[in-house]
Amino acid sequence: MRWADLLILLPAAWYQLAAFLFAALFHYLCALGHLSLISRYIFLLAGGCLLAGTAMGGYALLLLIPAVSSVLILLLVSPTYVHTWVFSLQMCWQTLCHLGLGSLMPAVTLSAIMLLTQKVTSLSLDIHEGTVLPKPGQGLLQRALPLCSYLLSFPALLGGPLCSFSKFQAQVMSLGAVPCPLRAVGWRYLGVLVLQVLRAWLEGWLPHTQGWASLGHMWAQALLFRLAYYSQWVLDEALLEAAGLGAAVEQGDLSVHDLWTLETTHRLAVFSRTWNKSTSLWLRRLVFQRCPAQPLLATFAFSAWWHGLRPGQIFGFLCWAIMVEADYRIHPFLSSWATSCVTKLLYRGTTWVFTQLIIAYIQMAVETENFSMLCLLWASYNSILPLTYGLVLMLLLLTQKPKQN
């Protein structure tokens, strides 16, 4: 097994493994009662700054500057306008980093900035909607410390599912009441090992496929990407659990049930809702539920913007939106024809294969680094199935009443 490949596909993995001891120490000190509430916030914040400096070097300033700016906006701007200010500032900053410095800065820096965007926009929405209110009698520094700790907490700095500010505060206050779940953390690390063994086996099989144009090669390459993401998500949640913050997460990104659903579902819409679940819920709240027209298309378009606006990302996410819309309309039509056991089995088996190939096509498009590789993918016969789905969608739109899931 080539463990060095983890540094390429999982750039944050080594830093998170190194941070495990600090996370366990933090939970241990809280359990003994050696850390007051303010000390806990300071520990999490200082650990985040140290981790940022170690992992990103001088590029850590690109993370710290928008974090501090957002905290000032959250404290000083009226709740009526706070979300607009925070969203505009953070997305402009992230876009400048993606387009201006994306090829120069470490991958972990871009990832941390994207996670910061999730946290700060979620918090600004909470303040705008009145679910997070300032506590009376607190000074500016007393209000700023929890906010900074939330945005730059070291267990969630480089990865992890989105946690609301209210849940984060409640969990930090109650730390020490529950012992560190070392057994659960150990099982997660064992899961990462199993996923890497599967990835190594798949890498050994990959050379036997027939180049870029092969459907088998495309599917296997996309599965390699998915296994890398699964491993990273498990590592993220293991670090949060080691620090005692696992319960603060409303919805983890990967469980055994989620893994089974992702790889066995015959519905592209189900895959889309389950993939990176906390990000899906964030996009639903931030864009889908607030968009008056074409919310599905707007959500995937914003996702392309949030991911970096590379040609492959723009094409891949817009293709994904079209495929999900087609999925919503095609499956009710097909399922109405599948009445017997044989036809149901044929329907589910065929649509599972189609779903796997479409997911692979989208993932390969999103992961392409340059326009020439995207053109090569588009010109291959791997595009036949997505084009067919698009044509079927057009026909169904002409014959069916509009629907929105």
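Every residue, even glycine, has its Cβ placed from backbone N, Cα and C.
Quantities reported herein were computed from a predicted structural model and do not represent experimental measurements.
Per TrEMBL, the features are:
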{"type": "TRANSMEM", "residues": "6-29", "note": "transmembrane segment"}
{"type": "TRANSMEM", "residues": "41-65", "note": "transmembrane segment"}
{"type": "TRANSMEM", "residues": "71-89", "note": "transmembrane segment"}
{"type": "TRANSMEM", "residues": "96-116", "note": "transmembrane segment"}
{"type": "TRANSMEM", "residues": "144-165", "note": "transmembrane segment"}
{"type": "TRANSMEM", "residues": "345-366", "note": "transmembrane segment"}
{"type": "TRANSMEM", "residues": "378-398", "note": "transmembrane segment"}
Hey, which of 71-89, 96-116, 345-366 has the most Cβ-Cβ pairs under 8 Å against the transmembrane segment (41-65)?
96-116
As a test: from 71-89, 96-116, 345-366, pick the stretch that has the greatest number of Cβ pairs under 8 Å with the transmembrane segment (144-165).
96-116
Surrounding residues of the transmembrane segment (71-89) on its own chain - C-beta under 8 Å, 6+ positions past either end:
120-121, 123-125, 127-128, 130, 140, 143-144, 147-148, 151
